[in-house]
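Copied over from Swiss-Prot:
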{"type": "DOMAIN", "residues": "63-223", "note": "domain 'CP-type G'"}
{"type": "BINDING", "residues": "S112, K113, M114, D115, G166, Q167, S168, G169, V170, G171, K172, S173, S174", "note": "GTP binding site"}
{"type": "BINDING", "residues": "C247, C252, H254, C260", "note": "Zn(2+) binding site"}
Amino acid sequence: MPEGKIVKALSGFYYVQHEEGITQCRGRGVFRKNKITPLVGDQVVFQADNPSEGYVLEVFDRKNELVRPPIANVDQAILVFSAVEPDFNPGLLDRFLVLIEYHNIKPIICISKMDLVDEKMRETVESYANDYREMGYDVLFTSINTSESIDILKPFLEGCVSVVAGQSGVGKSSMLNVLRPELELKTNDISSHLGRGKHTTRHVELIAIGSGLVADTPGFSSLDFIDIEVEDLTYCFPELKEASQYCKFRGCTHLSEPKCAVKAAVEEGKITEYRYKNYKQFVEEIRERKPRY
């Protein structure tokens, strides 16, 4: 049986990309019975007699799954944050990074609008960028208005399934349109036909850019730590995770415990104070979260 990847799901049809092209498929009735919903990004087994009539027979296990947009098996997230208008926001960036690390997705930090900064702001942003690079993150500088700077991003997309995410007003859609200019019409098309408040569901589609696939809908529209527990949080901060193995107590929360290697690393300047401050804020937020029943 042939295998492929679902690149679009719309009105009960699943569009499966495989070696010979794309086949329009329906899901088997057993999926509904077992409450399995195939998602864009799923690797599947399918059967088809012709390109427009096929059936998805099996959905392979997922390595991760996002709710908004509904997509599975994401390799990386391109996190778009502006240097100015709005100003660079490390607190919000850390929130995105926690969510992405929790879903086992590789983050790539892309700081846009670098063509608009003055010298003082450039120094500030570059200082933050160096901090994040030392933590092990890829950090890129781009200007949405120049295709040359967007070309910096393209090699990172090769062979991967990527989502674009980030704060509002930083040009996520503009970036997608520069990567694939023909998307602009499609974006306008969707927004004119699908109005908010109506009973319509915006579909997500994976679009080919080089040998990579990029979701055409920005990811992580919800920034709440709904599923993350305090004990998970350390593992979403790479530098805290590295230091925590030297804490005296297993399960150390790095707040008030004695002989905490994380707090020692903060005092020694090995972990930045603003990252530790954000960690503590997120712990408090998780602890204040109302329990779900």
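Placed from the backbone N, Cα and C atoms, the Cβ positions cover glycine too.
Ranking the binding-site residues M114, G166, S168, K172, S174 by Cα distance from H254 (Zn(2+) binding site) puts G166 first. The average pLDDT computed over the domain 'CP-type G' (63-223) stands at 82. Here the Cα atom of S168 (GTP binding site) is found 35 Å from that of C252 (Zn(2+) binding site).
For C260 (Zn(2+) binding site), the nearest of the binding-site residues by C-alpha distance turns out to be G166; the candidates were M114, G166, V170, K172, S174. DSSP assigns S112 (GTP binding site) to a strand. Across the structure, C252 (Zn(2+) binding site) and V170 (GTP binding site) place their CA atoms 37 angstrom apart. Comparing S174 (GTP binding site) with C247 (Zn(2+) binding site), their Cα atoms are 45 Å apart once rounded. Of the recorded residues, S112 (GTP binding site) and C247 (Zn(2+) binding site) place their C-alpha atoms 38 Å from one another. Nearest Cα neighbour of C247 (Zn(2+) binding site) among the listed binding-site residues (M114, G166, V170, K172): G166. Apart from C247, C252, H254, C260, the residues listed for Zn(2+), the same chain places the Cβ atoms of S244, K248, F249, T253, L255, E257, K259, A261, V262, K263 within 8 Å of the centroid of those Cβ atoms. Cβ crowding, taken as the number of other Cβ atoms within 10 Å, peaks at S174 among the binding-site residues S168, S174.
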